[in-house]
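One structure is given here, and the rest of the page talks about it.
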């Protein structure tokens, strides 16, 4: 069908008109995939929001970023994926009109960029906690976390709202069943919009995230070496606390790194296709090539609840209390869950009273233990004691000793003592006669 792209309610870019229509099976498969991602994304992130808002132990400043991320992913799944795109895929064309296309693209841009920027704030928070644990716990608060979240939304909206006012545009892409920012048109407005979004809304967060997590990994490695050196000097209780703190610290770093990696893999294809369309061979941007980033982006909303349900002990504990059937369905390793709970039980839950994150409490515990060991070493008396040996000891030899010319020249004489003559004596060695008067 040469006019498969025709839509009386939409302006279709001429780039997409040169390609043949994709098979019907592709539309239906894409619609089913988007529906599954939308349902799982809404359900999973809805559970995360419910548990984090209901469970008091999870209501920490650091976890406010997780709630914000879950809210962003929930709304992204609800509006930008299912059901609008699913319906269009089954009907094989966009059916909601030009105005809805702009709103759809705007919502996708805002919530997509919000997810990336929230990941950036999570990495900054983890960096401050692990690299500067004593100061991070004092500075981070619910108010500061709220201000950072407001900044995330303002920053994301600034870059997403440009096409609404003529800086770029929102239009149909790929198989023409969803709308996104225009990365096909090669004019000054579109190109400047793409370049600025790539630098400030994509590369800038990536650089910050990589910087933070590189330093986190280096810090974790250094802490492990320090804990290994301390292990020989700690008693059993302190050693267990140290091991629990190091284990929890490593797990928290791994959780955050996995989440960030998943998000970057979800949004990097969009950046690659946009740059290819603007500066590379545009004929490579086929409907299939343009639709693959859409699938990665829509699936990003389901990663975070899955990662946290598997890796976050306190979150799993909240699931077990409210939704035990999820643990049964997913077949969690109960022994691993208990081990994680035991490990975290060794760390005082300071955030319940002071508002600081679990990370800060763990790091403060480790720092306090290290300071205690240093204080104990300083209290032990130095050996040898200061001032020993006394000054002037041992005394110097008397003046003129030994006398000059001592020993005399030629002493001992050559051949002294004389070597024994003849073969060694035969038989047993002679026995000395007993002293007189002894029987």
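Glycine residues also receive a Cβ, built from the backbone N, Cα and C atoms like all the rest.
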Open item on the list: Same topological domain name for residue 11 and residue 286 in Swiss-Prot, and hence the same side of the membrane?
Closed with: yes
- [ ] Among 255-276, 321-342, 343-364, find the range that Swiss-Prot records as transmembrane segment.
- [x] 255-276
- [ ] Measuring Cα to Cα, tell me the gap between residue 298 (N6-(retinylidene)lysine) and residue 179 (disulfide bond) in whole angstrom.
- [x] 13
Open item on the list: Treating G and I as helix alongside H, and B as strand alongside E, what does DSSP give for the topological domain 'Extracellular' (1-26) in helix, strand and coil?
Closed with: 7 helix, 0 strand, 19 coil
Open item on the list: Given a separation of at least six residues and a C-beta threshold under 8 Å, show me what packs close to residue 101 (disulfide bond) in the same chain.
Closed with: 10, 94, 170, 171, 172, 179
Task: the transmembrane segment (287-308) in contact with the transmembrane segment (145-165), cutoff 8 A, at least 3 CB pairs, sep 6+ - done: no
Open item on the list: Could you check whether the transmembrane segment (103-124) and the transmembrane segment (27-51) come into contact, where contact means at least 3 Cβ pairs under 8 Å with the two residues of each pair 6 or more apart in sequence?
Closed with: no
